[in-house]
Number of protein chains: 2
Amino acid sequence: MTQPDTLRGIGESATLARIFPRLPASDYALVGPGDDSAVMSAPDGRFVVTTDMMIHGPDFRLAWSTPHDLGWKAAASNLADVAAMGATPTALVVAIAAPADSPVSLLEGIADGLRDACLALAPGCGVVGGDLSVSDTLTIAVTAFGDLATRGPVLRSGARVGDVVAVSGVLGAAAAGLRLLFERAVVDGRPDAAAAAALRGTDAALVAAQLAPSPPISDGVLAAVAGATAMLDLSDGLALDARRLAAASGVALALSSVAVGSREALDGGEDHSLLATFPPGTALPGGFRQIGTVVAGEGVLVDGLHYEKRGGWDPYEQWSGQAG
Amino acid sequence: MTQPDTLRGIGESATLARIFPRLPASDYALVGPGDDSAVMSAPDGRFVVTTDMMIHGPDFRLAWSTPHDLGWKAAASNLADVAAMGATPTALVVAIAAPADSPVSLLEGIADGLRDACLALAPGCGVVGGDLSVSDTLTIAVTAFGDLATRGPVLRSGARVGDVVAVSGVLGAAAAGLRLLFERAVVDGRPDAAAAAALRGTDAALVAAQLAPSPPISDGVLAAVAGATAMLDLSDGLALDARRLAAASGVALALSSVAVGSREALDGGEDHSLLATFPPGTALPGGFRQIGTVVAGEGVLVDGLHYEKRGGWDPYEQWSGQAG
């Protein structure tokens with residue numbers, strides 16, 4: 001039986017040669033990968049940029065996530081930050097550090113996931129540069145770019161009293177998926193690949209929401225065009241992120257528990273859905289649905305009562321130190 | 001005696017609050033850090049982008065590099081990739097993952113190093129976004145941007161027979177510094193902080209070339225304005241990088257050993273100096289000096305003989321697995 005190729009076995013150049021052809025091209029690249037830098041088109045004289053890193057342990061378990069999931073989620077979470085500005089994603093650069101004894105198929109799978117997420121969520125967006133390195137801790141750092149097409153960026157600070165509060169995308173599904181994985185895919189205290197695979201059969205949508213989310217990327221531009229006054233990407237849960245939008249705008253967000261759904265929808269992170277506010281009377285675009293109203297005051301109210309639960313996740317305070 | 005604050009002790013928000021004020025602002029930022037994405041000005045409708053990661057172990061030893069060195073080198077190495085396109089660096093985004101029990105001063109020192117490198121090497125360039133996370137392996141991922149001010153990018157592929165081969169910046173100093181550190185700052189098989197500190201006294205220039213290099217960033221734009229036909233940043237040593245430029249341009253680079261200097265200058269990596277080719281008769285700008293000529297053929301010749309030594313450093317094949 002032959003062993004799979006490892007990164008150490010074939011080296012950096014051969015690894016790059018196997019990854020490159022899998023990566024999607026960007027419609028905005030004037031000079032793509034291969035020189036010291038890429039050169040990107042920025043048609044309206046500005047560009048949007050965001051960066052986010054995924055780390056083995058605090059951010060994912062290799063027993064649960066496939067390499068394809070990792071690439072997909074790394075792309076999707078960054079694309080959502082671009083969408084939340086009201087921009088069209090144009091490109092990614094990707095730095096990956098992996099243990100030298102990793103199979104080459106790990107990086108091939110990550111590349112395939114990056115490609116498939118771009119194709120599915122943001123067609124025209126591609127990978128224009130990157131860096132491969134070695135590390136004891138598998139790490140994926142993505143920086144994403146977007147184009148505003150002459151519109152102003154939709155900031156967190158523009159919500160006004162009387163605006164409609166709306167959300168596009170799932171609420172609480174990523175947290176529910178993570179809860180299921182911890183409940184049913186841990187064996188003898190360790191994340192278990194077979195149990196996670198079984199969960200994908202019985203609870204496909206919730207597991208996918210956690211491991212390979214599909215945020216409503218194109219709804220970011222639709223919201224901007226419809227006149228959204230403020231917007232952000234729900235990475236730390238609706239309650240905490242709504243509080244951020246409220247604080248930045250100097251208002252309060254009054255939400256309806258019926259419209260929001262479950263408690264997990266309020267507190268669960270990593271949905272990467274879009275929270276936006278619109279002037280009253282706006283026909284809500286795309287997948288947006290009303291969940292509340294902007295009122296005077298501060299913080300977040302649910303059914304008229306201040307909602308104080310902290311929510312979110314602090315990597316320094318809360319990571320157990322386990323990987324798996 | 002009070003213990004220093006750790007990342008776990010004060011958490012993500014308080015850590016961010018201590019880092020933010022240390023970071024330099026970018027003259028090109030329309031929306032800076034704090035929203036889902038930053039918004040950057042791209043005056044000529046394009047932008048240059050590059051990304052590079054530094055990993056504890058293969059890329060640095062904590063016994064040798066101060067936190068300030070790490071931030072400085074992470075900025076400098078990325079700025080050099082922007083300069084090598086003939087662009088002016090405009091901004092960085094920085095993702096840092098560190099162990100939760102790290103002192104907060106580690107991240108403060110990295111932030112100070114990022115700031116001081118931008119101020120010294122590329123005034124006007126600043127940090128417009130980032131991401132903090134936790135990892136067992138200290139990791140710094142920088143993505144850098146640049147502006148071409150209506151000029152074409154200087155690629156690796158434009159060298160023509162008869163062009164002058166020139167370099168700006170030190171050759172071999174970073175490798176000599178690393179050699180000194182391995183020779184004189186390893187005690188009982190481990191990188192030693194006191195010995196490295198002593199070396200900073202006796203061999204300041206070589207140690208700084210390795211731990212906190214100062215590539216000639218502004219010479220990138222000067223080269224482009226002077227009509228450079230090809231350019232790249234010397235990260236893997238002159239011989240290997242010259243071979244890359246030769247291959248991309250379909251020519252050979254004939255170098256003079258006297259002009260190049262030592263063998264370490266040919267083979268030593270991490271100088272981040274700029275190698276460029278200019279049409280014959282060009283008055284060489286800034287710190288550029290001639291080291292050879294572009295001739296027909298392929299590869300690199302030194303004093304007329306093909307130079308075949310591989311050079312460079314493969315992280316997958318060559319990292320020992322040690323950190324320290």
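Here the Cβ of each residue, glycine as well, is placed from N, Cα and C on the backbone.
Bear in mind that the values here come from a model prediction, so they are computed numbers and not experimental data.
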For the substrate site that TrEMBL gives as B:D59, B:W313, the extra residue out of B:E270, B:E298 is B:E270
Checking TrEMBL, the member of B:D81, B:D101, B:D188, B:D192 that binds Mg(2+) 3 with B:D36, B:D233 is B:D81
Expected list for binding-site residues B:D59, B:D81, B:D236 against chain A, Cβ threshold under 8 Å, sequence order, is B:D59, B:D81
The rounded CA-CA distance in Å from B:G130 (ATP binding site) to B:T51 (Mg(2+) 1 binding site) is 13
Taking DSSP H, G, I as helix and E, B as strand, the domain 'PurM-like N-terminal' (B:34-146) contains 35 helix, 46 strand, 32 coil
Running the binding-site residues B:D36, B:T50, B:D81, B:E270, B:W313 through a 10 angstrom C-alpha radius around B:D236 (Mg(2+) 5 binding site) leaves B:E270, B:W313
Rounded to a whole number of Å, the separation of the Cα atoms of B:D131 (Mg(2+) 1 binding site) and B:D81 (Mg(2+) 4 binding site) comes to 22
Of all C-alpha pairs drawn from the ATP-binding set B:G130, B:D131, B:R156, B:S235, the farthest apart lie at a distance in Å of 32
One of the binding-site residues B:D36, B:D52, B:D59, B:D81, B:W313 has its Cα closest to the Cα of B:D233 (Mg(2+) 3 binding site), namely B:D81
B:D36 (Mg(2+) 4 binding site) and B:R156 (ATP binding site), compared by Cα position, are separated in whole Å by 35
